[in-house]
Every structure is written in structure tokens, then in C-alpha cells.
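Asker: Pasting in a structure now, in C-alpha cells, and then I'll have a few things to ask.
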Amino acid sequence: MMAALYPSTDLSGVSSSSLPSSPSSSSPNEVMALKDVREVKEENTLNEKLFLLACDKGDYYMVKKILEENSSGDLNINCVDVLGRNAVTITIENESLDILQLLLDYGCQSADALLVAIDSEVVGAVDILLNHRPKRSSRPTIVKLMERIQNPEYSTTMDVAPVILAAHRNNYEILTMLLKQDVSLPKPHAVGCECTLCSAKNKKDSLRHSRFRLDIYRCLASPALIMLTEEDPILRAFELSADLKELSLVEVEFRNDYEELARQCKMFAKDLLAQARNSRELEVILNHTSSDEPLDKRGLLEERMNLSRLKLAIKYNQKEFVSQSNCQQFLNTVWFGQMSGYRRKPTCKKIMTVLTVGIFWPVLSLCYLIAPKSQFGRIIHTPFMKFIIHGASYFTFLLLLNLYSLVYNEDKKNTMGPALERIDYLLILWIIGMIWSDIKRLWYEGLEDFLEESRNQLSFVMNSLYLATFALKVVAHNKFHDFADRKDWDAFHPTLVAEGLFAFANVLSYLRLFFMYTTSSILGPLQISMGQMLQDFGKFLGMFLLVLFSFTIGLTQLYDKGYTSKEQKDCVGIFCEQQSNDTFHSFIGTCFALFWYIFSLAHVAIFVTRFSYGEELQSFVGAVIVGTYNVVVVIVLTKLLVAMLHKSFQLIANHEDKEWKFARAKLWLSYFDDKCTLPPPFNIIPSPKTICYMISSLSKWICSHTSKGKVKRQNSLKEWRNLKQKRDENYQKVMCCLVHRYLTSMRQKMQSTDQATVENLNELRQDLSKFRNEIRDLLGFRTSKYAMFYPRN
């Protein structure tokens, strides 16, 4: 029987001496008895073994013959092999679809057959199984399928529902078949949900509950499922990536899994955008507004470019989507507008253009103020020209700050309340203009979006300091009219406080130029790296301050006890020769000494320990504390900071192009709208365009209360709805094209991989096996059903 089951094995040349001896012929210390401790199932009969072997070899005629001869029912058609696979499972794994149909017709059952077919991605088997299942009166839900599949009597090996498994495999064809069965998916609850269902599941099995949530999100993040079930796949990918990123911060045990799913959603949105073939499709995608977003009715009627989808991508931090080549090309076109020829000019002409606009920016601003709708005004309205004009205005403001320090009057140095100079009034005009610009951005963007930008935060702090400076100067001028030496002034005199705030505001004003580096492909990545390093330094600061505070408390408590006079403080503990050493007798002094010691700015003699007879123990403890501080901070924490900064820089350098393009897009978007066209201080002057808008809005409001006005308003709303519906239809048409191209590109990638080659080999093997069995059956080579066990020589 052994030779029959394993015909390729030759045991004739194996001597009995080479085989291991039985345990009975050897001592117990020389052999180890092996015993199967697992559940032993009933041994299959010879017919059952033949039945399973025929299914494995894909012999359709032999399987059919065995099933036809099983009229008495002696053969268990649901028998399993040593691996726990029944005939249906074996047939699915071998992709023998004709045998699968035959087995199902004869009533072979398998609880996890559909799961095996989905896991093996055998589309034909899934189609056969779904069509063979009896129709039910009620719609099956995923919860019911889960309960049925996870029933212990089925002994299934997969703890997942069919549609979830198909989504995990990202198989578009199988998902299409399953969704036609009217299945549903349970909506995942939040991590901290305290509803009755979540509390019961979490109490019963918290691991299963967390794993089920992860499986659901794996299903929802499947690109194939998103394309099939969502009308707006890009928006759904944005929302899912944000939810998954939030989940990765809450469920830290599965952080890597959730981060990988979030990355998958981002890459899907990027790849879908990459399928756009012309500017018209890009314009439809990037300007699409979802139903939940606020609409600009005037911009919609005037067919203005709002780029709402691109703004949403920046809000959701979709760096891959924004930095995609098609998106960047479209942004470049919008950025230069009517000055598209600027990019093709030589470098010298580019510099001359920028310098000319930078010098004559007041004249250009006045021209736009007078005639904003003219051809010249439209050129100024392009984002690139707005950027140059706003930059020139800010450089003029910095020049005024430098002039302010140069024209400082020494005669008024001791004046307690000096009057404002002419240059002060010019600075106030600029500051009011910058504040008005920030107020308009705050109004249109909202507080949350406004504060997300570090550039807006810096501008807010800077303008607040300037306002406080000039307010204190006005207070000092109205309250103080005397002259006195500065050393006699109060420490918090309004003039002194104003000068301090003004100095700090000047520092921030120049640091604000860093954000202009974002437009440069050379300086931009460096500016982004510096921002990331500052964030990492903030994390390091929390650890460093704790260590500094700990050692400061210890040294202060050690050296400030029992000493009240300077004579007693001389030469005590850690010693400083020839000068009074009271460094560690106060909290502030100890903190300063330990801080500056990191930069080698503290005198070395401070940390020399003097051992005397009376203070030997105290001096030794102080030396140990300072030595430990030296090791922990100077050696360990400082090197840790260097490693953190190097890691941050390397992380930005590895994704330099993506990070820079994303930061540049954020800067460019702030110049795309028509809310802040004029720079400070011209933006505080009411323009004719603003006056016309106000008059038009007022007249519309007045006319809306008349009968003709109401009819006109209804017609306008109807026109707006029709235009919105037309835009939505165009978006759906473009999205269908993108999905079709995406599926085609994915299919081409699959055909070029090794996996596709293996599938082709499997198909070829099945065809050859089928052909062999048909030839044998026709020629009558198989005279007995046991010929598979006893092949002819």
C-alpha cells in the first residue's frame, strides 16, 4: 500500500539497518517516543482517498464516475484530508471550475468555500458559489454572515466575512459580485464609544473587538471598495486617511497597521489624480465642491477657480496628492496666469522683471485701485504679481524699521514721554494694513484654519507687539512730560516696555522672511527642515527642563541650609577660589549655573570640590550630583538632541521634493483668491471694486423685497442650482473615466508582475490536466478507478 500511494519512492535500496530501531529494541534513554496529541479524525476509506486525489489532480471524469457510483451513500463526499480540506476546497485551490460545479450539483458542502475562493482570488469559483447558493427571502447582512461562518461546527479557518476579505484582497471583480448580493457593512464606532453594544463586545473580548474594528477599516480603505461604493472616491480617501491617522494615535497597539492604511488611502487619491489627461479634467477635479462645503455663489456664476478640492487636500495634509505632478503643473499655470511667458525668460530678464515690479509697486497698486477690471489690472491680479507686490511692500516696511533706528534722536533719550515721529505714523499705517489683511483672512478662513498656519501665528504675534508698542508710547506721551536719566526711571516704565516690545517685534519681522524661502527649490527644503527641527527641540525641551529642575532642586537644598551671612558662604561645598561662592545658595543662581555649564560658559572653578574636615560629606555629595548632571545632560541629552535633529533633517531630505511642493502650494493658495489683492497700506483704502460690490449687494437686498426682485432672485437661484448640477454631472463623468483608467493601469501592473506569471502557469497546468484526462478517457486507458493508485509502467 505504501508503494502504491507513493509510487515515486523507491524503498528497495534501503536496508533495515539504516532504518531507526523500534523503541522496544532500544533503551528508553536512547530514543524519544513521538505521539500525535492533536485530535485524530476518522481515517478515510480507500474510495474517499481516491475521491480527494482525483479532485486534487483535476480528473473530471474520475470524480464524476465516483459520484455516480455512490448511489448507496457509502462515500462521504464531505470528507477531508490530513490538512482539513474537503473536495470543494481542494478544487477551488486548483481552479478546477468544472469539477467545482459538479461537486456542488451533487451536494458537496463547505462552510468556508466562498472565503477560500475569495482568498485565492478565483473569480470563476466565486461566481459559481454565489449563483449556486439558494435564494433567501431576507437580505443577508455581514453580521449574520459572520455569525454563520464563525459557527464552531463549520470548523472554518478564517475569522472574516466574505466582503471584508474581498476588500482586503482589493479584488474589484469579486467585490462587484458580492455587492450585487445586497450585503451591508457595520459602521465602526469610535474608539471611546460607550454604547451598549460596544461595552458588551469590549467586555466579552476586547482583542476581538479591536481586531474587528481594524478589519472593518481595512475593508473601508480598500481602493476597489471605495471606487465601487463612493460617488466621490477622492473625498472619501481624504476622510478615511484622517480618521485612520487619528485612530493610530489612540490605538497605539495597532499604530503601524492604521498608519499603513492611512498611507494607502493617500496613495490611492494620488494615483487616481494621476489618471487625469488634460487641464480640463484637472480643473473639474480640483474645483469640485462637496455638498458639505460652503459654496461661493458669485464665484460659481462667474465661473471663477476656487480650487476647493485642493484646499481640502491641504487641510487633510494630503502631501502626496498636492505634490503630484499633474496637480503641480496645474498650480503653476494658475500661479503665473497671464504671465506664463515669465518661466521661459532668461535669468537676467527674470531679475529685471522682479526688480521693476518691486520698485514701482506703489504705482502699480494705485493703477489697480483705480481700474481693477482693466487689462493692466488683470495682470496685477495674477498670483505671481500679487506675491511680488506684497513682498516689495513688506521689504519697504523693513526699510522703514531700519530708518527708525538711524533717525533716533539722542536729545530725546531722557524724555519720559516722547512724541511720535513722522516715521512712526508711516509704520502705524503699515501695521494697520497688515492687521486688516489678517482680519480678512480670519473672516474668510475661520479661526481654526487661520491658526493652523505658522505664518499667520507669527504675523498675529508680531502685529500684536507693534500695537502694544505704539499704544504704550501714546500712553507715555500723555502721562509723562518730565526729563530724567534713564537709570532713575521705573523698571516697568511704559517707554522702556515699549522699546523692549518693539525690539522683539523687529526680530519677528525679519524672521517672517523665512516663509518667502518656500518659493525657492534650494532654500525651501532648508526652511522646512528648520521648522521640523524646532518641533523636535520642543519635545526635547520637556525632558531637559525636568532634568534641569531636578538637579537644581537638589543642589539648592544641599547648600542653602544654615547659611545666612556672606562670611559663612565663603568656600563652602563646591568651591570658587578668591571670590564669594553663593552660586548654589539660590534656586535662580543654581539654574543659571547649570544651564550655562552646558555651553561651557560657567567658570570651571565653580565645580571644583573642596574637601575639608567639616564639610567633607556635603562636598562629596555635591560633587556627585554635579558629576551626574555632567554625564546625563552634557554627554547623554546633548547627543540625543543632535541625533533627533539629524533624524528630522534626514526625514525631510528623503522626501524633499514632496515636502517642498506641499509647502509651496500652501503659500501659493494664499494668493489665489481676490480677497487681499492690494498690499499694505493701500489695502486700507476703499477701492472702487469694493464700493461697487457694496452698492450691488445693497441694491439686491432692496430689490429682493419687491415682487420683481423676488422673481429675479428665484431665477438666479434656479440658474445657480442648474449650474451646480451641471458641474456635479461633469465631475461624475470625469471620475468615471479616472476610475476606468485606474483599473486598467492596475491590471497592466498585475500582468507585468510575477504573480500574473504564476496564475498563467496554473491555468496552463489545468488545461494540460484536462486534456490528458480527456485523451485517457477517450482511448480507454483507465480500466479501473484504482488506476490512479496503480499507474501503468
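Cβ coordinates come from backbone N, Cα and C, glycine included.
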Asker: Do the topological domain labels in Swiss-Prot for R422 and F587 match, putting them on the same side of the membrane?
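Answerer: That holds: Swiss-Prot puts them on one side.
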Asker: Out of 163-184, 207-228, 537-558, let me know the one Swiss-Prot marks transmembrane segment.
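Answerer: Residues 537-558 are the ones Swiss-Prot records as transmembrane segment.
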Asker: For the feature transmembrane segment as recorded in Swiss-Prot, pick the matching range from 423-439, 593-609.
Answerer: 423-439
Asker: Relative to the Cβ of C195 (Zn(2+) binding site), which residues of the same chain, six or more apart in sequence, are found under 8 Å away?
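Answerer: Those within reach of C195 (Zn(2+) binding site), by Cβ under 8 Å and sequence separation of 6 or more, are H189.
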Asker: Residue counts in helix (H, G, I), strand (E, B) and coil for the repeat 'ANK 2' (83-109), per DSSP?
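Answerer: In the repeat 'ANK 2' (83-109), the DSSP-based counts are 16 helix, 1 strand, 10 coil.
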Asker: For the intramembrane segment (346-379), what are the same-chain contacts with Cβ under 8 Å, counting residues 6+ beyond its ends?
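Answerer: That would be 337-339, 385, 388-389, 391-393, 395-396, 677-679, 682, 685, 687-689.
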Asker: At a Cβ cut-off of 8 Å, and with pairs 6 or more apart in sequence only, do we get at least 3 pairs between the transmembrane segment (497-517) and the transmembrane segment (387-404), yes or no?
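Answerer: Yes, since the transmembrane segment (497-517) and the transmembrane segment (387-404) share at least 3 Cβ pairs closer than 8 Å, they count as touching.
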Asker: Given the recorded Zn(2+) site (H189, C193, C195, C198), which additional residues of the same chain have their Cβ within 8 Å of the Cβ centre, ordered by sequence?
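Answerer: Neighbours found: A190, E194, L197, S199.
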Asker: Against which stretches of its own chain does the transmembrane segment (624-644) lie, if we need a Cβ under 8 Å and a gap of at least six residues from its ends?
Answerer: 536-537, 539-540, 543-544, 547-548, 551, 554-555, 558, 574, 594, 597-598, 607
Asker: Sequence-remote contacts (6 or more beyond its ends) of the transmembrane segment (423-439), Cβ cut-off under 8 Å?
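Answerer: Beyond its ends, the transmembrane segment (423-439) has Cβ neighbours at 393, 396-397, 400-401, 403-404, 407, 450, 456, 459-460, 463, 466-467, 470, 473, 676, 679-684.
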Asker: Can you check which residues sit near C198 (Zn(2+) binding site), meaning Cβ under 8 Å from its Cβ, same chain, 6 or more apart in sequence, and list them in order?
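Answerer: Expected: H189, H209.
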